[in-house]
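Engineer: This is the structure, below, for whatever I ask next.
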Amino acid sequence: MATETPTTEAADGVSTGSRGVWFAQARAFTDRSLREVRNSGLMLAWVIAFPAITYLLRVTQGTETSAAADASVAIGTGVLGAMFVSLFLFGSQLATDLEDRRYAAYRSMPISSSAELAGRMAAGLVLAAGSFAVTIVVAVATGAAFGLRGPASVPVVLLAGVAACLFWMVVAVPFVVVAGNKRVASMATTLVAVMAFVLTGLNGVVPAQSPIDGPALNYLPNTLATRLLVAHLVPAENWTELGVSPPQLPTEPAFLALLTGYTLIAVVAGSVLVTRTLYDRGWWT
């Protein structure tokens, strides 16, 4: 059973209140999550290649587009890949542990539920970053043009990327708990990712294709993060010509604060959900 790795340090009698033990447990869950994906070549290839293939299918339809427009679509599709990793892969691993009744063992061990969540999230971020990077590389190879607005764009890009993942990882938790079945949970979370992508106009990069009211695209978690990435990674001046605007891109500080709030809420909500529903403990341990 894979329950041994995340609990080795705690099982030796060290209190879970120790910061060192917390980090050791988090790292153990990260290593285990990455190892499970690495051992499944088909799953790894699908997770990494899916968004890049989706992008290629769109840009090879024969329609003439600019390098900046292709870059915008690549970012929207890359965020889809990050969402796919966060919902499907993160949720699939949780569902597997539930099906294998590992949480019955975890509950009897001095494991920190927040350390488990942090470890799984760290693994998810690594895989999501890989999926996004592959999409961007494919886009550059097919003529898309990217460029940072300036040094100040770096923290914004990092925040947007992390926020786009953490929110959807937390969304996966209730789906897994309610489904109680890996197959059902995987189908449901995949459907959520695809529907969010399509209904928001490729995560907000093509507002004209979305039935959602334009200004709302600057407030939804997936579209806010994506549109911030576009604003800071695509070297363009006329956003209307690219089809990204209206609405105006969310470049004001208030939108950064909103995205930061989404991220913090996701982390807190995720910890509460895991602690209450999977570990059957209090609100925060």
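We count from 1, first residue shown onward.
Cβ from N, Cα, C; glycine included.
Keep in mind that what you see is a predicted model, and the values were worked out from it rather than measured.
When I checked TrEMBL for this same protein, it listed these features:
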type     : residues : note
TRANSMEM : 41-59    : transmembrane segment
TRANSMEM : 71-96    : transmembrane segment
TRANSMEM : 117-146  : transmembrane segment
TRANSMEM : 152-177  : transmembrane segment
TRANSMEM : 184-206  : transmembrane segment
TRANSMEM : 254-274  : transmembrane segment
Engineer: Is it the case that the transmembrane segment (152-177) and the transmembrane segment (41-59) touch, counting contact as three or more CB pairs under 8 Å in which the residues of each pair are 6 or more positions apart?
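Structural biologist: Not in contact, no.
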Engineer: At a C-beta cut-off of under 8 Å, are there same-chain residues at least 6 beyond the transmembrane segment (117-146) that contact it? List them, or none.
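Structural biologist: Beyond its ends, the transmembrane segment (117-146) has Cβ neighbours at 6, 25-30, 32-34, 37, 47-52, 55-56, 59, 67-68, 70-71, 73-75, 77-79, 81-82, 84-86, 89-90, 93-94, 161-162, 164-166, 169, 233-235, 270-271, 274.
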Engineer: Six or more residues out from either end of the transmembrane segment (184-206), which same-chain residues have a Cβ under 8 Å from its Cβ atoms?
Structural biologist: 72-73, 75-77, 79-80, 83-84, 87-88, 91-92, 94-95, 168, 171-172, 175-176, 212, 217-218, 220, 222-224, 226-227, 230, 243-244
